[in-house]
Each structure stands twice: as structure tokens, then as C-alpha cells.
């Protein structure tokens with residue numbers, strides 16, 4: 001019986017000529033006459049056992065593919081050009097892909113030009129980018145490859161500080177490609193992370209490129225009232241979907257987002273004041289009642305900073321209170337601060353450089369009702385007076401932007417809305433052009449290079465150019481509206497000495 005001789009790494013395999021002749025695959029068609037010669041056909045780059053498996057498939061249409069042998073069989077099937085086995089191997093690899101092997105499969109797919117495996121491994125890397133940074137192969141990704149991965153719209157990062165940590169870990173292995181840092185968008189980063197990068201001697205150039213990472217864009221949480229029951233909905237920029245998180249039956253409450261949880265603070269239920277605080281995780285939708293505040297109150301002012309929820313002032317029955325207290329996320333004990341100099345409710349509070357600024361609102365007792373314009377600052381564990389606002393305002397909305405405070409006032413006793421800028425370093429107020437007039441609730445938040453205002457429509461105010469954009473939006477029955485980014489960077493005063501500790505803490509929090 002005639003046979004064809006193959007030599008693989010010095011080992012000989014004799015194959016019946018009839019098997020070669022009957023094979024529909026091009027490789028064997030090309031060598032059908034080669035068996036007449038005495039010399040063996042040398043096969044390079046193929047595993048001996050993998051070639052045996054291919055011969056079994058050609059003969060019996062059966063092949064044993066496992067996660068342990070799939071790569072060597074796939075290589076052989078590509079070289080010998082056996083498409084059905086290639087497909088089986090690729091399906092096996094895709095089925096078994098995970099965060100620990102996706103970079104290796106990504107590199108394998110590039111080496112052999114396997115598009116389906118490339119797409120699947122890329123998808124796995126994108127979905128598990130923080131986990132794959134622990135893979136030794138991560139540092140071997142090229143600059144262009146990592147740029148492509150981190151520029152994907154669905155890359156699984158929830159904050160630009162996380163992107164920064166991924167880049168810093170890669171740069172540690174690739175110090176000649178530090179300019180990859182320029183894919184960052186500084187306006188989405190915390191001041192702490194920007195300072196850390198500066199201390200490392202890295203400079204992020206100003207970019208006009210569009211933001212492609214959906215995960216670093218702002219999430220939105222909205223509470224809308226309907227027949228005394230308010231529905232909480234959450235919008236995720238990664239999924240581009242709105243989901244219902246739950247309901248609340250409170251009125252006159254305040255709310256704030258901290259560590260991906262929505263806190264609902266104080267208010268009234270069935271016309272009775274409450275001092276409880278509820279918390280709902282916006283991802284898991286699980287509710288938890290946290291420790292009660294020190295007293296029953298509504299119309300409090302709230303703000304968050306460094307993982308803490310601050311509750312300031314409020315209305316205790318008919319009397320304004322000066323109580324200020326905070327609760328650290330994940331703990332159960334409220335910590336009291338010194339009382340405000342002037343008790344108030346319905347004012348605004350905002351953090352600037354770890355100092356609390358409180359402004360406006362109403363001071364009331366059983367005999368008095370005073371609309372305030374005064375401003376207090378909590379710094380160095382005490383409240384001090386600052387320059388008052390230009391006018392008295394009972395309803396105030398405030399936001400920090402670029403180290404200063406921007407204030408929009410509501411309408412009660414006033415005839416129109418006002419927009420002010422408080423220059424913190426100069427302790428000085430200036431009045432700015434106000435684009436619209438609106439009677440009713442408003443919601444104000446800082447969004448990178450603009451300030452978002454939800455009133456009778458959606459407005460964007462750009463402080464640097466003092467310009468406005470208007471967008472149609474149904475705002476009926478909205479009780480609360482906020483935009484936020486997920487994951488919070490450990491807050492500290494980063495110095496050359498504390499930098500290694502800070503980066504280590506960030507790596508533990510973000511990349512493990």
C-alpha cells in the first residue's frame with residue numbers, strides 16, 4: 001500500500017495515499033503526486049500530535065479538542081488549511097475565554113489573523129480591563145493596542161481616575177511611551193489624581209478629542225412624583241438605559257449621591273417630620289435604612305465630600321435649626337460639627353477645597369421669619385462669616401466650579417432668578433447674566449466644563465465663556481435630579497512623600 005511520508009520535528013508519520021487522495025482540502029491536493037518521491041514532506045510549525053488529530057478528522061470526521069490542546073490543533077489546522085477544524089477550535093477558545101487568558105488569546109488571534117477570536121478577546125479585555133491589568137501580559141500590549149482598548153466606547157471604567165491608574169501601571173513597564181497619558185480627559189478627573197500625575201512629572205496635553213469612554217460620562221438619577229409616590233430612576237451611560245430603582249413616599253426631603261448610592265434625607269411622611277435616612281444602591285437596587293439623624297427635620301441642606309454625607313440646618317417643625325452633622329459612608333454614627341452661626345433651612349451648602357460654604361435660606365422662630373443673604377464657611381473646625389450675597393434669598397442652589405462657587409436663586413419673594421459667582425480667594429461676589437426666569441424647583445450640578453441647570457427646560461451654562469445653551473426637556477413633577485460619576489478616588493493632600501501610598505491605595509481600590 002502506497003503512503004506519503006511526513007516529517008515533523010524529526011518524527012515520521014506515514015499516511016495512506018488513499019486518505020490524501022480523498023481529502024477535499026487544498027493542502028493535500030497539492031501534494032498528491034509528492035508521494036512518488038522518496039523524500040519525506042517536512043512540515044514546520046506544526047505539532048506532531050496535532051497533525052495526528054487532523055488526520056483522524058480527515059479519516060473519521062471526529063476530533064478531540066480540549067482547552068489544553070486547542071491552540072496547537074488550531075495552528076496545525078490553519079497551516080494545513082482545514083476550515084471545519086479551525087472553526088471548532090475558535091469556538092472552543094471563545095467559549096473558554098476569561099479575564100486571565102484574554103490577553104494571551106488576543107495576541108494569539110493577531111499572530112494568526114483570526115478575526116472572531118480577536119473580537120471576542122478584545123471584548124473580554126474591554127469588559128474586564130481593571131482585572132486584566134494584573135496579567136503579566138498586560139505590560140506587553142503595544143501603545144496603539146492599549147489606546148484602542150481604552151478609547152472603546154464600552155470599556156469598563158467608571159471614572160477617568162481609573163483610566164489614569166491603568167495607564168500609570170502600563171507606563172511603569174513602558175517608560176518610553178509616556179505620551180499615551182494624553183488620551184486622558186482631565187476635566188473628568190479629580191484634582192487629587194491630576195496632582196498625582198503632575199508629581200510624577202507627567203503632563204496631560206489639552207485635548208479637543210471627543211470623549212469616547214461612556215463609563216466616565218455622568219450617570220443620572222431622577223426622582224419624579226406621581227400621586228404622592230415618587231419613582232427613582234437611574235440612567236447609565238454604559239448601557240444607555242434608564243432603570244427604575246425604587247420608590248419613596250417622602251416629601252420635603254433632600255437627596256445626594258455618594259459611592260454609587262442615593263441617600264434620601266429627612267423630610268416628611270404623611271405630614272409628619274422624620275429623622276431617618278434611607279439609602280439605595282443604584283446598581284443592586286437594594287435599600288437600607290441608615291442611622292437616624294440627631295433630630296426630626298425637613299428642608300435640610302446636604303453636600304458630600306471625601307466619602308461623607310453632610311446634613312446642615314433644616315426645619316424642626318416650625319423652627320430653623322443650626323445643627324450640622326455628617327455620616328461617613330458605610331458607618332453607622334453621625335458626627336456633630338459646631339452649630340451654624342445663624343440657623344436656617346432651605347439654604348445651600350457646597351464644598352470648596354475641603355471647606356463648607358453655606359449661604360442663603362430662611363431663619364425662622366415662632367415669632368420671626370427672616371430671609372437671609374449671609375454666608376458662613378466651616379474651616380479649621382469652626383464657622384466664620386464671609387461676605388454676604390448681594391441680595392436676600394430664601395431659595396438658593398449652589399455648585400463649585402473651578403475653585404469658585406456659582407449660585408442660582410429661586411423665586412419666592414423675589415421677582416426673578418439671579419446668577420452669582422463667589423470668588424473664593426477674594427471673598428467677593430459678582431452678578432452674572434441670568435438667561436431665564438423660572439418659578440419652581442431647580443437642580444444644579446457641575447458637569448466638567450459646564451454647569452447643568454434643570455428648570456422649565458434643560459440649560460447648560462459655560463462659566464469660562466459666560467454663555468448658555470438651551471435644550472427642550474420635560475421637567476414636570478421632577479423632585480430631584482443629579483448627575484454623578486461612579487467610583488471615588490481616595491481623597492488626600494498628595495505630596496512627593498505620600499504619592500507612593502496614594503497610588504498604592506488607588507491600585508487596590510480600582511484595579512483589584
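Please read every residue number as a count from 1 along the shown chain.
Just so you know, glycine gets a Cβ as well, placed from its N, Cα and C.
Among the features that Swiss-Prot reports, domain 'BTB' is placed at 2-67.
The domain 'BACK' annotation in Swiss-Prot covers 102-176. Here the domain 'BACK' (102-176) is broken down by DSSP into helix, strand and coil counts: 57 helix, 0 strand, 18 coil.
Feature annotation from Swiss-Prot assigns repeat 'Kelch 1' to 216-261.
With helix defined as DSSP H, G or I and strand as E or B, the repeat 'Kelch 2' (262-307) counts 0 helix, 23 strand, 23 coil. What Swiss-Prot lists as repeat 'Kelch 2' is 262-307.
If you look up Swiss-Prot, you'll see 309-354 marked as repeat 'Kelch 3'.
The annotation repeat 'Kelch 4' is assigned in Swiss-Prot to 356-403.
Residues annotated as repeat 'Kelch 5' in Swiss-Prot: 405-449. The list of residues near the repeat 'Kelch 5' (405-449) in space but at least 6 beyond its ends in sequence, with Cβ under 8 angstroms from a Cβ of it, reads 187-188, 218, 348, 350, 352-353, 357, 359-360, 371, 375, 386-399, 455-457, 459-464, 466, 468, 470, 478-484.
Positions annotated as repeat 'Kelch 6' by Swiss-Prot: 452-498.
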